[in-house]
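Database features (TrEMBL):
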DOMAIN    A:508-630  domain 'STAS'
TRANSMEM  A:76-92  transmembrane segment
TRANSMEM  A:129-145  transmembrane segment
TRANSMEM  A:157-181  transmembrane segment
TRANSMEM  A:187-206  transmembrane segment
TRANSMEM  A:267-287  transmembrane segment
TRANSMEM  A:326-347  transmembrane segment
TRANSMEM  A:359-376  transmembrane segment
TRANSMEM  A:396-415  transmembrane segment
TRANSMEM  A:421-438  transmembrane segment
TRANSMEM  A:450-480  transmembrane segment
Protein chains: 2
Amino acid sequence: MAPVVGGGAAGETFHKVNFAAPRSFATAFKSDLKETLFPDDPFHDFKGKPLPIKAKKALQYFVPIFEWLPKYTRKLFMYDLLAGITIASLAIPQGISYAKLANIPPIIGLYSSFVPPLIYSVFGSSKHLAVGTVAASSLIIAATIEAKVNPIENPQLYLNLVFTATLISGVTQLILGVFRLGILVDFLSHSTITGFMGGTATLICLQQLKGIFGLKHFTTHTDMVSVIRVILKNRKEIRWESTVVGVVFLVFLQFTRFVKQKKPKLFWVSAIAPMVVVVTGCVFAYVAHVEKHGIAIVGDLKKGINPSSLKNLDFDPKYLSAPIQAGLVTAMIALAEGIAIGRSFAIMENQQIDGNKEMIAFGLMNIIGSFTSCYLTTGPFSKTAVNYNAGCKTQMANVVMSICMMLTLFFLAPLFSYTPLVALSAIIMSAMLGLIEYDKAYHLYKTDKFDFIICMAAFFGVAFISMDVGLMLSVGLALLRALLYVARPASSKLGNIPDTSVYRDMEQYPGAIDIPKTLILQLGSPIYFANSGYLRERILRWVRDEQVKKASEGDDVEHVILDFGGVTSIDITGVETLVEIRRSLEVRDIKVVIVNPRLEVMEKLIVTNFIDKIGKERVFLSIEDAIEGCNFSLTPQKECGSEES
Amino acid sequence: MAPVVGGGAAGETFHKVNFAAPRSFATAFKSDLKETLFPDDPFHDFKGKPLPIKAKKALQYFVPIFEWLPKYTRKLFMYDLLAGITIASLAIPQGISYAKLANIPPIIGLYSSFVPPLIYSVFGSSKHLAVGTVAASSLIIAATIEAKVNPIENPQLYLNLVFTATLISGVTQLILGVFRLGILVDFLSHSTITGFMGGTATLICLQQLKGIFGLKHFTTHTDMVSVIRVILKNRKEIRWESTVVGVVFLVFLQFTRFVKQKKPKLFWVSAIAPMVVVVTGCVFAYVAHVEKHGIAIVGDLKKGINPSSLKNLDFDPKYLSAPIQAGLVTAMIALAEGIAIGRSFAIMENQQIDGNKEMIAFGLMNIIGSFTSCYLTTGPFSKTAVNYNAGCKTQMANVVMSICMMLTLFFLAPLFSYTPLVALSAIIMSAMLGLIEYDKAYHLYKTDKFDFIICMAAFFGVAFISMDVGLMLSVGLALLRALLYVARPASSKLGNIPDTSVYRDMEQYPGAIDIPKTLILQLGSPIYFANSGYLRERILRWVRDEQVKKASEGDDVEHVILDFGGVTSIDITGVETLVEIRRSLEVRDIKVVIVNPRLEVMEKLIVTNFIDKIGKERVFLSIEDAIEGCNFSLTPQKECGSEES
């Protein structure tokens, strides 16, 4: 077995600390860059392979369809066919609904489920992700562009700007992916996303009250206060016919969701429920001439597949700020959602999803989408879950859905023109109610108060101010916490666990034993400008407290041992602070000893001459060695370095 | 001696991990709050003392004069008298010069060296800090307020806004101090300050070319490009008489600085040099009637001490944004400079300076200053160094300087009205040249490239764009780096150092020995939302690489041991990531074992049920215990937890 030989108390000879010369700047920089941008080492398979295989692997890496299509079998196709049809039946009502939410013609919603899934199936690496439009991004686009152009007065310009926003969003995603800036998405924490989704879902639900109540007048503002105020103001416009139909549909949809929750096998009930609502609505509208009873219908859906929208892209500087803003915000949110979802399904199946590659796929999908009359698409959770449950095996399910949509566009589109708006509102509302995760918020409250605050900041910011403000508020708080984490790193006093060579936090392990004449402190986190002031104060306070404690026992502090094992990096200000700490303590006749600096920290300590100043004989490999070393120096007073620099 | 019994290879019994119930939220929050705001535990002296002593100590704490004045002796006063007179001789020329830089009447500069030092001597805790006006803040105030009000066309309104900015700056400092937000100053790193000071000094030097060349027309912009362009444009206005006088003064001043550098004992030569220049200039101006030769003089200095400026404070909303901006920016910079300087002198004498208390002193000094016709003051480096070298012992030196200023205001002020502006320009320029620290920038370049970039961002941002932009750019970069530090924490593979129970980074210690069937990883930093994605990728990559390596040796990875000793905290996203990592690895028949979670991390792991999920038998106190534990489980396959949760 392994050479686990116990106890390093080896008398006079200590184990050697590695004082090798630091790596060159180029080496260290290359290594840092790799860790920052390629933590998953995507090209590890390529090493040492001949060039043709490398080229083939690279092609398969960048265009995953070359990897899965050659291995594709008829059996797999049967699974994907079923899954594809299922998600298509969801895509039609969702496409129409979310297009209404974005204030664009409903046919655009159908177009958006035809081209982008095809692109994703070529470039995408997730097997389960189903492509489609999402409510949150639809609302963000609408809210941002409405601020510049009124969609009712100037629908064509409005639509053009939506395509432009989609292009900008796609380009942003592509750039982020190519430059491997997936790290940016890391800064959207789960708590932020939970709160943001909940807040957006609440807003969207409120927006749907327009459809449910059959209101004619509404507000272009999205915040809760404005929406509730406008509903109260126009309460006399509320049509009971519309309200009754809406509530019936909503109850039906919620019931099917309930069925799915109770019996996950029956997921298809809730998957086809929106289609059932739309078809029932259409038939009902056609038979009962509901328009005459104050129930509006979608109206006017032309046959035929996506026309080109290249000429529609509008870069007029007068309006450009709106699509840029909408494009950037939706790019980030769509990415965060899409990557998180793809990843969570991948984990179930133990695959690995490369977030940066997904970004490239999403980017291409939206760029080509914006040329072919599609608006923003991503991988929505609801659709992906249905796809997964329906048994999809590869990206082919997206191709099947795409073909279904093509057939719909060629032959069935006009039929859907009878869809009552109230049915769409009920579909959206039902989907949104599922996105408000009370239990997750409660879990956060129970386990981490600060995460809960971050979540609530997003929720209330979105609900009462605006979506971007809510998002920024929450991300700002999360970053503040991250900075506080590193600005106030925990340090602790270590003691010896009896009968071992192990030293642990004395607060955590009250049985640990103090070492006479010595204070052992464990540091953690990187030491750098934002926490070095704190660390100086804190270490001096540890020493002061320990002096008082030891004095009461007739003892004294002669050595401070700093355990650097947990310190991952250090900057110039950090090194200067160490110099100051040492100077402050030496004045009081206390010697500073350093234990186990890690590779990067050691390099910085050598290059700044700190090691020379403190003396190599004051740096030890382990706490045990350090204590031995300090004890030897007690008598001769010189071995542990009394020379000053 | 301490019970340093070597080697914990104690057979079947492992050392116990502490799974005690987490602290309550209130306890943890209180402890966090204390660490965040009171890291130096300022009230540690108060514990267990009777009430009257507590009250006395509190008074002495908040108003330090009650601490040092009762112990004050005549001998100390002799030192302080000399130091006070020395800094007064520096304060007169500096006060007039910097007031000119801020475009306010020169007498305000003298007023500002009378009242604020008195206030500081009561509330300030640094013994060496000398109060006075500073060039950088003077220029910031001028640049910000000039953007709203022209100081030549409307001097009274301009002056009123300067007082208002001083008040706002003081209130900001007071609030930051009372709420102990000294942590904010921590975010100005040494690199930022070096670059900012260098950039500002360069700008100020360029501004002085107006005075040296005797130009009549100049620009209100402060950036390098504008200033150089205006000088080239007005090059025909350059007066050779003024230029010659200016260069002579500048050479003299620089020579005295050179003398001080060579012989630190002769510091007084450079300390009184500005006074010599002013007096020489006055005599020369009076005798030679220099006004007629194109050399402007200060002109018009009234006798008498500070009038009240309470009625001058102007809160007109039309202009208010300018003093608010100037106040906030100067408050932060003045604080950072003042605290850093006070602290560096305190370290030499082994005292401790409480940054938050200094903020309160600075705040009170500026608030009362703004009521008594003073503008922004702080603790400038040059003056404090002179004070320290002149042998000051207590805050009394500031009182002496203040009295000298009072006498000057009563009797000598009119004499200084003959000071040629070119002398002031030479004094400012000479002071600024000393603030450009080439060698420090070179040191940064040599030791830390990123710190160098942060420094250069401040320098070039200030020099070519504007002071606030340069500062924000640099602070932004520094924060980005801080976030990257925690977003990409170093992890390393550990191996056993032969003949010890110590495990160290195998890259750093190539002699360390691999453990069969096991991969030991050391993590570091807090684990939280911004780095959990990275950590998952990185850990899976470590495992993949290790599998390849072990496979080539006919071995396999059966256990992954995660050393949590360096992890200072963890959030919900971090715990969820651990769950994901565990699930990914269990699928591949690799067991995850955790070693030595610290107090705060253990609490979070217990409260989120992670410990229950993974099983208590998979958490060990040391790596050695963990290896022992895993080996035992190899044969019976159950002891090391094969149950799933």
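Glycine is treated like the rest: Cβ placed from N, Cα and C.
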_For the transmembrane segment (A:267-287), give me same-chain residues lying six or more residues beyond its boundaries with a C-beta closer than 8 angstroms to one of its C-beta atoms, as numbers and ranges._
86-87, 89-90, 92-94, 96, 245, 249, 252-253, 256-257, 259-260, 295, 297, 385-386, 389-390, 415-416, 418-420, 422-424, 426-427, 430
_Can you work out whether the transmembrane segment (A:157-181) touches the transmembrane segment (A:396-415), with the criterion being 3+ CB pairs under 8 Å where the paired residues are 6 or more apart along the chain?_
no
*Between the transmembrane segment (A:359-376) and the transmembrane segment (A:129-145), are there three or more C-beta pairs closer than 8 Å, counting only pairs 6 or more apart along the chain?*
yes
*Could you name the stretch, out of A:76-92, A:187-206, A:450-480, with the greatest number of CB pairs under 8 A to the transmembrane segment (A:396-415)?*
A:76-92
*Which residue counts does DSSP give the domain 'STAS' (A:508-630) for helix, strand and coil?*
65 helix, 20 strand, 38 coil
*Long-range Cβ neighbours of the transmembrane segment (A:421-438) (under 8 Å; 6 or more residues past either end)*: 93-94, 96-98, 100-101, 135, 194, 197-198, 200-202, 204-205, 208-212, 214, 242, 245-246, 249-250, 253-254, 257, 274, 277-278, 280-281, 295-298, 381-382
